[in-house]
Amino acid sequence: MANLVFALSTGFLGIIFIILTSDNQPLLAAGQQTQTNFSFGWEDEYFYFLFQERSWPDGLIWFDVDPTFSPRVKTAINYAINYINNHPDLCIKWLQRYPYRFDSNSSSLVSFINYNDTSRTTCNSWINRRGGQQFIKLGINCVKDKLLITDKVLLVEAMVLHEMGHTMGLVHEQTRPDRDCYIYVSPFLATRSGYKRNPSFAYTSQFPYDYRSIMHYESYNLKNFRAHDNARKLGRGDPTLSELDVHRLSHLYCGRKSYCEEHNNCATLYDFAKTNPKCWRKGPVYATDPPFIELGSQEHGEEIDIKE
């Protein structure tokens with residue numbers, strides 16, 4: 001029998017104990033399959049191991065709503081909840097608990113809170129399930145900013161759905177380790193919260209880059225943030241999931257095969273990178289051991305730093 005090593009990893013998914021074999025590979029549970037590498041070489045088993053530890057059991061997410069929200073925001077929350085609950089290709093259900101209260105004894109609960117973001121606009125949430133009561137903060141000024149954009153009447157609903165995406169385990173698409181093959185992020189933005197590349201274990205490599213994901217920021221300044229292909233738009237701006245968003249959630253919670261499994265292989269998706277001068281050819285630094293990260297906060301907008 002192989003010698004076992006116990007490792008501790010802390011990060012946006014919380015504190016995780018990982019059992020390693022003598023060759024520094026995660027020990028998989030009975031029946032758990034090792035995922036195949038399809039793209040730039042990151043180890044998918046790290047992602048699936050961590051996701052399994054912090055996903056929502058049976059896809060059930062209990063939540064409550066701060067009663068001090070304006071009717072407009074309550075409508076947006078109801079829209080996003082109903083959108084997920086009634087989606088024909090998803091098995092995730094958000095179930096409301098009454099009454100709204102702070103509950104230190106709750107094992108897993110999501111609270112939408114009317115956040116007084118006086119210092120800066122704040123709309124954020126935790127990635128996946130952290131245990132206990134966790135929050136989706138919808139800041140007063142953050143909501144006000146969305147309402148000022150009059151050409152997109154459902155932008156508040158889209159923002160709520162984006163934050164719920166984080167709660168269900170989705171990470172910003174523009175922070176994927178291979179993002180530079182698809183988009184340009186200026187040095188000015190590249191180290192800022194929400195734009196800094198995340199480590200590979202935050203993503204499965206079995207899905208192509210999704211320009212139109214609800215988790216992708218839109219481009220408001222082409223000088224600093226844009227797709228290499230000028231014909232492509234970034235983000236959505238409407239309160240719906242992209243086709244790949246749905247596929248990813250269905251894969252993670254509902255037993256659907258990944259994009260690469262359904263299409264047999266993803267290798268051809270990355271052939272262009274061999275000759276594309278705009279692609280980040282150095283590639284991310286992939287650790288042979290599970291990466292250790294250090295966070296000041298585990299909310300989705302905070303930076304993640306690899307600790308070698």
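Glycine too: its Cβ is placed from the backbone N, Cα and C atoms.
Whatever TrEMBL says is automated annotation, not expert-curated.
Taken from TrEMBL, the feature domain 'Peptidase M12A' covers 48-255. Per TrEMBL, Zn(2+) binding site is recorded for HIS162, HIS166, HIS172. Residues or ranges marked as active site in TrEMBL: GLU163.
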Using a 10 Å radius on the Cβ of HIS172 (Zn(2+) binding site), the other Cβ atoms enclosed count 25
Within 10 A of the CB of the residue listed as 'active site', the number of other CB atoms across every chain shown is 24
Same chain, |i - j| six or more, Cβ under 8 Å of HIS162 (Zn(2+) binding site); the result in sequence order is ILE214, MET215
For HIS166 (Zn(2+) binding site), the number of other Cβ atoms found within 10 Å of its own Cβ: 21
So what's the average pLDDT for the domain 'Peptidase M12A' (48-255)? 93
In angstrom units, rounded to an integer, how far apart are the Cα atoms of GLU163 (active site) and HIS172 (Zn(2+) binding site)? 10
In three-state DSSP terms, the structure that GLU163 (active site) belongs to: helix
